[in-house]
Amino acid sequence: MSNIKLIVGLANPGAEYAQTRHNAGAWYVDLLARSHNQSLKEESKFFGYTARINICGHDVRLLVPTTFMNLSGKSVVALASFYRIQPDEILVAHDELDLPPGVAKMKLGGSHGGHNGLKDIQNKFGNNPNFYRLRIGIGHPGDKNKVVGFVLGKPPASEQQLIDDAIDEARRCTDILMKQDMDKAINRLHSFKASV
């Protein structure tokens with residue numbers, strides 16, 4: 001069984017960013033909330049939108065920061081400190097350039113890989129990288145100079161469908177994670193690849 005008590009979906013705030021690739025983590029958290037008949041509500045003391053759900057008998061808080069991506073740690077640490085949640089009890093969902101659309105992977109710890117949201121969370125936890133990550137594939141533009149425009153762009157419908165399918169499978173694997181264990185959730189998620 002997992003000890004996850006907080007699931008975070010990284011995003012940039014505002015309607016202009018809502019449908020951009022960089023907000024894939026928030027899409028996952030929003031789906032989790034909706035699948036448990038909850039809606040995210042703004043809580044200014046946590047600098048984000050929050051909800052509380054029950055996954056397979058486990059009390060879990062959801063968070064989508066309203067800070068910009070590179071300040072995500074401020075929001076995550078505010079909520080984690082208030083509820084005494086440790087880094088290894090947190091799952092952070094984020095967009096991943098190194099995975100194609102239609103693929104998602106989970107892991108504990110590791111490098112931030114240049115992702116500004118992960119980097120800030122790690123820094124705010126005193127350079128502690130030992131939180132879980134859900135990496136949602138968005139693909140790569142093929143040129144590092146085009147990355148910013150790519151992550152802040154909206155995916156075409158075919159790519160969006162692949163990303164949505166991977167997020168839906170990640171949601172199903174979240175139940176496995178909470179009720180059984182990380183290895184089973186990882187094995188199932190890592191064997192999944194959406195196709196058009």
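Note that Cβ sites are derived from N, Cα and C of the backbone, with glycine treated the same way.
As written in Swiss-Prot, here are the features:
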type     : residues            : note
SITE     : N12                 : site 'Discriminates between blocked and unblocked aminoacyl-tRNA'
BINDING  : Y17, F68, N70, N116 : tRNA binding site
ACT_SITE : H22                 : active site, proton acceptor
SITE     : D95                 : site 'Stabilizes the basic form of H active site to accept a proton'
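Positions of the features from Swiss-Prot, shown on the structure.
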residue : record                                                               : Cβ contacts under 8 Å, 6 or more apart
N12     : site 'Discriminates between blocked and unblocked aminoacyl-tRNA'    : T20, H22, N23, F68, M69, L152
Y17     : tRNA binding site                                                    : A11, N23, L152
N70     : tRNA binding site                                                    : N116, G117, K119, D120
D95     : site 'Stabilizes the basic form of H active site to accept a proton' : L10, R21, H22, N23, A24, G25, H115, I136, I138, V151
Same-chain neighbours of the tRNA site, Cβ within 8 Å of the mean position of the Cβ atoms of Y17, F68, N70, N116 and not counting those residues, run in sequence order as N12, H22, T67, M69, L71, S72, G117
